[in-house]
Amino acid sequence: MPPFNLTSLTPATFILAGIPGMEKLHIWISIPFCSMYLAALLGNGVLLFVIRTERSLHQPMYLFLSMLAITDLMLSTTTVPKMLALFWFRAGEISFGACLTQMFFLHFSFSAESVILLAMAFDRFVAICCPLRYTAVLTHSAVVKTGLVALLRSFCVIFPCIFLLKRLPFCGHNVIPHTYCEHMGIARLACADISINILYGLAVPFAAIVVDVVLIAVSYVLILLALFRRPSRTAHHKAFNTCGCHVCVTLLFYIPAFFTVLTHRFGQGIPHHVHILLANLYVLFPPLLNPIVYGVRTKQIKEKVVKVFISPKSHLLQE
């Protein structure tokens with residue numbers, strides 16, 4: 001198979017280079033990456049199983065949590081298996097179509113997760129600030145509509161990137177200095193003006209995510225103001241503990257992503273391996289941490305996990 005289609009100047013394959021300057025450490029880097037990925041699969045899988053099997057958890061908060069788990073699995077599974085194949089077997093070759101597919105699902109799942117995090121922040125806002133209206137506002141229909149909005153908005157925002165990339169000519173440069181395919185990493189290999197890609201990639205997806213971040217911040221500020229007006233210190237401590245963990249996970253989700261987007265445009269002075277390592281954080285850390293923060297630290301889920309996985313074993317041992 002020839003490496004290029006000369007009529008369209010579209011490469012048959014791209015080569016993922018991994019982490020530039022750290023090629024000799026790929027095997028060692030793969031150990032924590034693989035461990036985090038397996039832990040993310042286990043944690044999110046257990047979370048989905050427990051929420052699916054326990055009817056008492058079929059409430060808005062836990063349904064949003066199951067959506068988050070599905071999105072986390074998509075986010076990490078889109079990138080990590082290919083990344084590990086690159087580290088272990090030097091299998092960095094990826095077809096043009098597969099690269100665009102990986103790029104689409106990577107950005108799609110990130111955008112969808114942002115909407116779900118916003119929905120979860122709104123869920124906590126209603127539960128703490130307007131508890132009497134909770135069941136009227138967050139109905140099952142509202143939860144389903146939120147999921148559809150997450151899918152539709154993410155598709156509409158990310159799908160044009162495929163056409164923006166397919167219109168570009170590639171004249172021989174097919175090595176992507178990264179561990180996975182993403183929009184600007186592919187666009188920078190083109191031998192043509194990529195101003196539209198830069199403008200769209202910065203303006204549309206970035207603006208949508210910024211709106212989510214602002215609304216999440218407003219939700220937690222209003223929650224804190226509502227808590228300060230309550231006299232109970234126990235309620236303060238419990239809510240602060242819960243919201244503080246949620247905010248930390250939200251920051252770990254957004255900060256590496258914003259850093260990656262802004263570095264592509266303005267961070268030429270930042271070492272490339274630092275950029276790539278941080279870019280890998282937002283496909284590994286949120287899927288790893290979300291089941292712990294939203295699952296293990298939630299009393300109802302801990303009780304159901306014990307009921308589903310530990311109680312049957314205890315009953316068998318007694319017999």
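We number each residue from 1, going along the chain as drawn.
Any Cβ shown, glycine's included, is placed from N, Cα and C.
Note: TrEMBL annotation is automatic and uncurated.
Features as listed in TrEMBL:
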DOMAIN    43-294  domain 'G-protein coupled receptors family 1 profile'
TRANSMEM  27-50  transmembrane segment
TRANSMEM  62-81  transmembrane segment
TRANSMEM  146-165  transmembrane segment
TRANSMEM  209-228  transmembrane segment
TRANSMEM  240-262  transmembrane segment
TRANSMEM  274-294  transmembrane segment
Contact call for the transmembrane segment (274-294) and the transmembrane segment (146-165): at least 3 Cβ pairs under 8 Å, seq gap 6+:
no
Counting only residues 6+ away from its ends, which parts of the chain sit with a Cβ under 8 Å from the transmembrane segment (27-50)?
19, 57, 65-66, 69-70, 72-73, 76, 80, 83-84, 87-88, 280, 284-285, 287-288, 290-292, 294-295, 301, 304-305, 308-309
